Every structure is written in structure tokens, then in C-alpha cells.
């Protein structure tokens, strides 16, 4: 007789308790078909998390297959903990982005902190040492106190974990819109470096080999976290605080160092982080990839308190844990290592040749499931989409008050400086950060070499909402340009797809079209997708977030020498590269003046992005450019002001654009600051002005002449978010 009191198989079926765990009637019937019998309580729990949207991608898998995943530099693509890309000299960069949206909505500090911890372990499980962290965040409008609380909690959680574990946070983006009220987006990215011959895989093979658990003792925190992440947020979500995990960065640091030492042991067969769905996903996925069976003895699992049932053990998402498979007879070598690092560890099972996933507790069987169907036969749903109707009318931008519009855009929290927030992150730990958070992609030196890794994380929402296909292309191209702007060669990307409920036709169509656009851009820009994550059901009280694909992209700088002189000075000339058109659909200007973002915009020319990018990268590496900035949200005037304020330099420029075009967000444009005495010889390059010692932002077109003190601009730009957070409390 079981020592744990749980519903019987019959009760589960008759009362449809499986629905509370996330399985539909059809999915339950499929489980019965696979097992040839009714599942017990633990088995239902296991199937429910493995077949959740978060783990199985059952609504998005068809779209993910269209992404290019191979390329000249790709060593390992999707399917493992993170992607691996060659950077020469037998070295590789390892990277991935993950979402922690739902947990952060309920417990912002812990939700964000554990998101950072989880993505770090993904990188470490491949065998790489993390070199930097990035994040992409979305919140509702900052005039709402709840959004202020979420922002403060998330930023504190990111800084608290990253700073303690000793990994710099070097880049990110934060945007604000009412569509994220109650449903913030917290996407965390980690980048690491590894030698080719040290790359690990999450596989369980070799009959008789042992399974070792290491890390924090298992508790009841995070149970059904994967299922929670696959649901819409409702008023009842607050009651699911137990589904939010609790992080411990100090144990995380020990686990990271112990893992990086363990991968040097030849006797290590496979390793995987216990992330979403905890012990269930890590163990069953390792068995599936190894074509093996597993027998886990759950009475051997280290637990935080007595009485934790097999169901709770398998579904717990206690943080800071890894699962290893090691050669039989070498267990003590690994246990001694973990003991040295003051970590709990235990041998909890072995690899079998049965192709079954068997769980016992005190020799009583609590689950007996065929491995492959559990891991690989989750249902895939292809639904019906519905095209959105676009507003083809034209807004009137002929009577813009340039100065008033400029100040309002500069102070909008989405555009305003995030300096106050980023200063809570340790940006320099490890002493390899070359370019810190600010205007550009981050650059981190590869220790012991002249190489560096440039990384950026960029999301797009309004444009994807307006025209999903074009918006999908746009978000990939934006990341590409940000790497070009520091002289890096873009190599590959990771993505996080944040959308509402795919069961709503319009949102499903957004997913179809935007991923098609992203795929097209990846192919033309030669940036294959090597890892990623999908987060659906981002809705609060029936209102969906904007469709928000986020792209993390890495690039290689073979020799960082040119970066010593990559800083603008007075006397340097300013060039605008690219044509400025009347592109206002989806722009900050449209939102500011009309409160909506429902107008079409010009398509993006990907071939032009490639040719232009090569020329600008060459100008940077040849020492011609002292700074390059992509023209982004808010348009040309705002971009120029940010450069002036960031570097405390005056600027004088004459712009051949209309008043409205000062704020146009035409894609594919760069501001290139050229060193005094040099010339930028590039098609579409127009010299528009120069930098000055005089602290004056002096910009004009044929209609308006603007003169502002740089210090005033800087105060408005840097003080906007601080003012929101202090005056609204």
C-alpha cells in the first residue's frame, strides 16, 4: 500500500482531475492509449508538464521548423540546453534566451532572479563559462503603481542574482505600453565561451550507468510551474505563488563551478539542468535523446523536508539543480567533487535497456511510462488563423510642434535613458566588458585573446502587431544592425516568442506570419536560429499583450584593437546613412499623437541591410568611424539627442527632412560619426553636421531651428524614469 495519499486512477478519470493539471480530454485519452491503461496520479502529473505548451511547443512547433538552424559556424543547434557557434581557434560561443513572464507577474523579484539563474544553468550545462547576461523587459505604463512595483522587483531580481553569481549584465532593453499591464515580459539571455572538445549534451546512455542528482534539496516550490507558464493570467493566478520558484545565487555559484569542473571528467556521459518541469523533463529528455530507459529511485532524492511525494518530487522546480549520467563505478569521484563544493548530491538511479521511464519509492512503482512517447509524442495543434484588418487611412502629421514632440518622446519611458535601472547591475565583474549598457550592443572580450563577443537583445511589438510578417523581418534586422554598429560580424541568433493565446484566430495568425518574416530575415542575413523559447498565453483578464518576438544575436570581433579609438570627439563629422521616408505606422510618434498603432508601414529591404552593413562594419574596423548608432524608436532627432547627451558633446546639424520626418522610424538607417579628417564614402551616406565642444544641441531643417543645452537634454532623458518612479509612489 502506498505511503502517500493520492486520488485513485478511477477518481482521476471520473472527476476529470487531469484537467486541473492541464490535460484536455483528448490528451488524457492519448495517455491511456500510450500506457494501455489508466494513468495514476504521478503519471498524469508527468504527462501534464511534459505536454504543456512550455515544454512541448504543441501550438508553435510547426512554425519553429521553418527557421534555418544550420550554417557555416553552427556546431550545435536547437535540441540541447543552448546553441553552440564556432568563433575560431577551437573556441565557441554558447547562448540562449528564455522567458520567465508568468512567475515575474506574481513574484517579480524571484520570478526575474530565477529566470536569470535558469538561463545561466542552461549555458553551464553545455560546459561553457558564462561571460555576460542580457535581458529584454516589457511592462505596462509607469503611471500605474502596480507596474512600478513590477519594474522595481524585476530589476532588483536580475541584479540580485547576476551580481551575486559574478556574471556581468551588459545589455538589454526595457519598453512600456498598457498592453503589458499585469503581464510583464521578462526574457533573460546568457552568453558563454567553451572549447570545442568540452561541449556536453543532455543524454542518458550506457546500460548500468548511474544517474546523479546535485544541487539544492528538492522542496515543494515551483510544482506545476511549467503548466502555470502555459496558462492565461487571471485573478486566481495570485493563488499560484507556490508555482514561483525561489533562487539562491550563492548555491548557484557553487553549482556552476562544480559543474564546470565535472565536465573535465572523462567519465561524464551527459548532463542537463533541471529547469521547467524539474526532474521530470531533465531525466525523461535525457533518456529519449540517449535512446535508453531510466530507473529512478525517488527515495534517494535529497529532499528539504519529509513526506514529499513522488508526484511532488517529479514536478518540483526547486532551483539550482543538475542531473548527470556518469559511468558505472565512478560515482564516488563525482560525489567527492560535489562534496568539496558543499553541494548536496546522491546517486538516484541508473540507465536501463527497457526504453521505459520507471520511478520507484521504497521499491513501490509510482510510474512506468514508455520514454519516446512521453518526450516526443505530445500532440501538435494546427489551428485556424484570421488576418487582421488594417487601417489604410493616413494620419495627419503636417502641423507637428517639433520642440514639444521632441521633449515628450525623449522623456517617454520607452525612449528615456535606463541608466538609473542598469546601474543596479554589475556591468564590469570579470573585467572583460569593453562596451557597457547604453546606446549600443555590448562587447565582452574573450579572455586571453584579442577576440570579443558582441551581443544584443531586441524585441519588437507594435510593428509586429501592425504587420506581423514585416514586423518579424524587422526584429531580426534590428538586432543585426546593432551588431554591425560595433563592428561585429553577426553569427547566429536565439529567439523568444512572446504571444497571447494561440486559440484566438488573430493571435494564431500573428504567430504564423511573424515567424515567417523572421525566418526570411534569418536566411538573407545569414543568422541561423540555434536555440530559443516560446511563451504563449500572455494575457490578463482576456486582454493579450502585443505579439512580441525577442531576438538575441551574437557577433564576432576578431581583433578588438579598433575599439580603443571607438569614441566620438568634438570635431568629428556626423553622417546619416539611409533614406528617411514618411514611416509613422507603429511609431512612437503615432502612439503619442493618436494613441493607436494600427497603420501600415514600409517593408524592409533585407538585401540592402546586408550590403549597407558590410560597408559600415568595414568603416568601423578601418578606424574611420568613432561611433555608430542605429536610428530607432523616436526617429532621427531623438537618436541624435541621445548621442549628444550620452557623450556630453554639443552637436550642430542641418537635416534635409520635413518636421514629421524628424520622428519617422524608417528602418535600415544609421548615424555614423566619422573621425575628424576622415570621409565616409558609402552610398546613401549624407554628411549632416558635426560634434562640438560647445554644450549646445543645435539642429535645424528648412522649417525649424532648435537650440537646446546638452545638459538640459541629458537631464530630461536620464531623469524621466527616476521621476516616474518617485513622483508616482
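Using the three backbone atoms N, Cα and C, a Cβ is placed for every residue, glycine included.
Quick look at what Swiss-Prot annotates:
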- 54: active site (ACT_SITE)
- 100: active site, proton acceptor (ACT_SITE)
- 57, 96, 495, 532: ATP binding site (BINDING)
- 98, 533: Mg(2+) 1 binding site (BINDING)
- 99, 100, 101, 102, 121, 245, 317, 318, 319, 535: substrate binding site (BINDING)
- 122, 273: Mg(2+) 2 binding site (BINDING)
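The structure, with features from Swiss-Prot marked on it.
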{"residue": "57", "record": "ATP binding site", "Cβ contacts under 8 Å, 6 or more apart": "64, 534"}
{"residue": "98", "record": "Mg(2+) 1 binding site", "Cβ contacts under 8 Å, 6 or more apart": "115, 118, 119, 122, 187, 188, 189, 496, 533"}
{"residue": "273", "record": "Mg(2+) 2 binding site", "Cβ contacts under 8 Å, 6 or more apart": "81, 118, 121, 122, 124, 125, 282, 321, 322, 323"}
{"residue": "319", "record": "substrate binding site", "Cβ contacts under 8 Å, 6 or more apart": "114, 117, 118, 215, 216, 221, 222, 245, 246, 247, 248, 252"}
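What surrounds the ATP site, by Cβ distance within 8 Å of the Cβ centroid and not counting 57, 96, 495, 532, is the set 64, 78, 97, 98, 494, 496, 497, 529, 531, 533, 534 from the same chain. Between the listed recorded positions, namely 100, 121, the fewest other CB atoms within 10 angstroms of a CB are found at 121. Within 10 Å of the C-beta of residue 101 (substrate binding site) there are 25 other C-beta atoms, taking all protein chains into account. Cβ neighbour count for residue 122 (Mg(2+) 2 binding site) (all protein chains, 10 Å cutoff from its Cβ): 27. Closest by Cα distance to residue 317 (substrate binding site), from the recorded positions 100, 495, 532, is 100. Here the binding-site residues are 99, 533, and the one with the most other Cβ atoms within 10 Å of its Cβ is 99. Among the record's substrate binders, 99, 100, 101, 102, 121, 245, 317, 318, 319, 535, no two C-alpha atoms are more than 20 Å apart, and one pair sits at exactly that spread.
When the record's ATP-binding residues 57, 96, 495, 532 are compared pairwise by CA position, the greatest distance found is 17 Å. Long-range neighbours of residue 495 (ATP binding site) (same chain, six or more residues apart, CB within less than 8 Å of its CB): 67, 97, 518, 529, 532, 533, 549, 550, 551, 552. The Cβ of residue 96 (ATP binding site) lies under 8 Å from the Cβ of 81, 82, 83, 119, 122, 123, 189, 190, 494, 531, 532, 533, 552, each on the same chain and at least six residues away in sequence. When other Cβ atoms within 10 Å of the Cβ of residue 317 (substrate binding site) are tallied across all protein chains shown, the result is 32. The Cβ of residue 532 (ATP binding site) has 25 other Cβ atoms within 10 Å, all protein chains considered. Taking only the Cα positions, the spacing between residue 100 (active site, proton acceptor) and the residue listed as 'active site' is 11 angstrom. Cα to Cα, the residue listed as 'active site' and residue 99 (substrate binding site) are separated by 10 Å.
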